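K.L.:
Annotated Ca(2+) binding site per TrEMBL: Phe8, Gly10, Gly12, Glu85, Lys272, Gly274, Ala312, Asp314, Thr315, Glu320, in sequence order.
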Amino acid sequence: MNCFSYPFAGWGTNEQLIIDILAHRNAAQRNSIRKAYHEAYGEDLLNCQLFEIFLETVCGYLLATKEEKRGNAEFLILRILLEKELTRDFERIVLLFTMDPAERDAYLAKEATKNSSGHFVLVEIACARSSNALLDVKKAYHACYKKSFEEDVAHHTSGDYRKLLVPLVSTFRYEGEESDMSLAKSEAKILHEKISDKKYSDEELIRILTTRSKAQLNATLSRYNNSFGSPINKDLKADPSDQFLKLLRSAIKCLTTSEKYFEKVLRQALGKSGTDEWAVTRVAATRTEVDMVRIKEAYQSRNTVPLEKAIAGDTSGDYEKMLLALIGAGDV
């Protein structure tokens, strides 16, 4: 039977088909859709303002594959996606998730340079990605925006923020598991001295945080805690209202326990003061194929409720369904 003869039961059902298909495509498959878009329209999806055109491309891609195993549901999307507009939050998460990871981060980075609240997104990209992934982001940024990532970060920041963020996005950390305990001892002492003197942007403190491998940093910060009786992030709360100290703490948490960092982002985004849909969307789109299982574990441990329940309580409709499909995918 031709799939176009199937009756439609309403837009909610149709959007569910989008969720069923796109939420379960890996990065390579999603990249195929992007390539099809470029071949059909001669421009990059990142620059596309008409999401409906992108959806038409998905239709063309699915039709061109002609794989029987895709089934009627996937072919039905050819008709469905041309009929209705998507809600803004749902549209945004589908678009972000469909992007190639490096170009998605390049897009997020570009948006983050536009205001100071984006400093935390820059920290996420610089600290929660592997060295090779960060290098890929820089290449994608260069290709998309005809500037270097580092150049734009330097241009849009100043003072202590520039001193921290530029070396963070410029680094290429060693990723081995080795650590030098003698070095950990000496650098823990340096960090303690600078923090005790309130020299939070001292070049030695910045050097240690922005150049050492994650394994070495974990060893240094463990030594810091054992030698001086408190975690470094606790000592960096001397002034809770200081936004630079907050950024510094975020960088350290992102580098050492990224799942706890993203748990906090989600906890705050799903808090009592109202839902921050953009933060939830960003975490779901960027972490579902990386460490979402650990983030979910951290969330339940910290909040005593599953992340799925928190999302279901603060979001609704097809946006909620897409979020739940993504966080349920786990590590790939």
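Just so you know, glycine gets a Cβ as well, placed from its N, Cα and C.
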K.L.:
Long-range neighbours only, meaning 6 or more apart in sequence with Cβ under 8 Å: which ones does Ala312 (Ca(2+) binding site) have?
P.N.:
Glu320, Leu324
K.L.:
Write out the long-range same-chain contacts of Thr315 (Ca(2+) binding site), meaning residues 6 or more apart in sequence whose Cβ is under 8 Å from its Cβ.
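P.N.:
When sequence neighbours closer than 6 are ignored, Thr315 (Ca(2+) binding site) has Asp89, Thr275, Glu277, Val280, Leu323 within Cβ distance under 8 Å.
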